[in-house]
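Taken from TrEMBL, the feature ATP binding site applies to S32, G33, G34, P35, D36, S37. The domain 'tRNA(Ile)-lysidine/2-thiocytidine synthase N-terminal' annotation in TrEMBL covers 27-207.
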Amino acid sequence: MPSAETSPVSVLDAKRLFAEWKAAPAVVLAVSGGPDSMALMWLAARWRHALKTGPRLLAITVDHGLRKEAAREARDVKELARALGIEHRTLRWRGEKPKTGLPAAARDARYRLLLRAASSHGASHVFTAHTRDDQAETVIMRLSRGSGIAGLAAMARQSDRGGVVLARPFLDVPKARLIATLTKAGIAFADDPTNHDPRFTRPRLRALMPVLAAEGADARGLARLASRLARANTALEVMTDGAERYLASINGAASGSFDLAAFTALSDEIRVRLLMRAIDRVGHEGPAELGKVEALLQAMDRATAGKKPGGGVQLKQTLAGALISIQNQRIHIGPAPRRGRRMAGLP
Ligand SMILES: Nc1ncnc2c1ncn2[C@@H]1O[C@H](COP(=O)(O)OP(=O)(O)OP(=O)(O)O)[C@@H](O)[C@H]1O
């Protein structure tokens, strides 16, 4: 491996990695006690010390209450934070723990706690220590689930989460460099056994990474694929904005309804995105799944293909809590009646 892939991250490198957040008022560092986030705390502290003015740093560890070692790991983070002159808090996930989908529920709870803590401490950003290796694993995970372009674009370097920005300064940094950084600095870190537990999907896919790398699909290539797809996704979203404006301009003021002929003339990718946006705006069952929106588009095309313009209902279907219908040469998308509720006046 070339040394650029394994060399410790220097203070100068850290200055470049964190440069764009110099003017933030305060930043929350999400520190689990694992190698990546311990390196995040160490490097962010050194970066901050070298600045005259810069953000206040607050490290937060979430104890999910799932492993007995977690409390000790949180104390180890606190100890390093104190040595580095950084404030630290441990937050506990107290909610009900589900029997299935535990990693996803823990992640949701973790982000909720981190973002809430950021808001209450006046922090504009939450930094996580996701690395290029995490990005590559995410690509493989999304690939195995059949994601589309948006999903394969994987994690964004920055994303707005209700007023607080979630930022990943190490998204292009190999994990090996962070471990080398800690080794050089003599900093110990925790090894979470869940990261190797074959009962969970991510560790199973992680175990495949060396095999894929040996075939040429290494973390660098997979992360590059993600960033190319992120670029394509941004362009497609801009085109979808344009298509929305075009349909609104020929629509008059009617929202939630499109002219059928104008919609049909657009490309499939843009039509899928338009449907998804319209459904997500009014649906009450969470985001529509890509595969289901694609099936809806096919059903719409079948219902209207070769038909003379008429006044009848050509299609009526619900998806993700939205009701989609084609009538009078228009597509209508509105909220679906909620399930399990009796309509007034009906038995
Ligand atoms: N319990 C936690 N408390 C605070 N932040 C966390 C916690 N778990 C994860 N994170 C944040 O999310 C990022 C990605 O999580 P992931 O589970 O992939 O990492 P990890 O295995 O816990 O360890 P590492 O610190 O080496 O990344 C971490 O780098 C860290 O910034």
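Cβ atoms are placed via backbone N, Cα and C, with glycine included.
On the structure: features taken from TrEMBL.
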{"residue": "S32", "record": "ATP binding site", "Cβ contacts under 8 Å, 6 or more apart": "T61, V62, E73, V77, A190, D192"}
{"residue": "G33", "record": "ATP binding site", "Cβ contacts under 8 Å, 6 or more apart": "T61, E73, A74, D76, V77, F189, A190"}
{"residue": "G34", "record": "ATP binding site", "Cβ contacts under 8 Å, 6 or more apart": "A129, F189, A190, D191, D192, N195"}
{"residue": "P35", "record": "ATP binding site", "Cβ contacts under 8 Å, 6 or more apart": "K175, L178, I179, L182, F189"}
{"residue": "D36", "record": "ATP binding site", "Cβ contacts under 8 Å, 6 or more apart": "A129, H130, T131, D134, F170, K175, L178"}
{"residue": "S37", "record": "ATP binding site", "Cβ contacts under 8 Å, 6 or more apart": "L29, A30, V31, T128, A129"}
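Cβ proximity to the ATP site centre (mean Cβ of S32, G33, G34, P35, D36, S37, cutoff 8 Å) flags the following additional same-chain residues: V31, M38, A39, L40, A129, F189, A190, D192.
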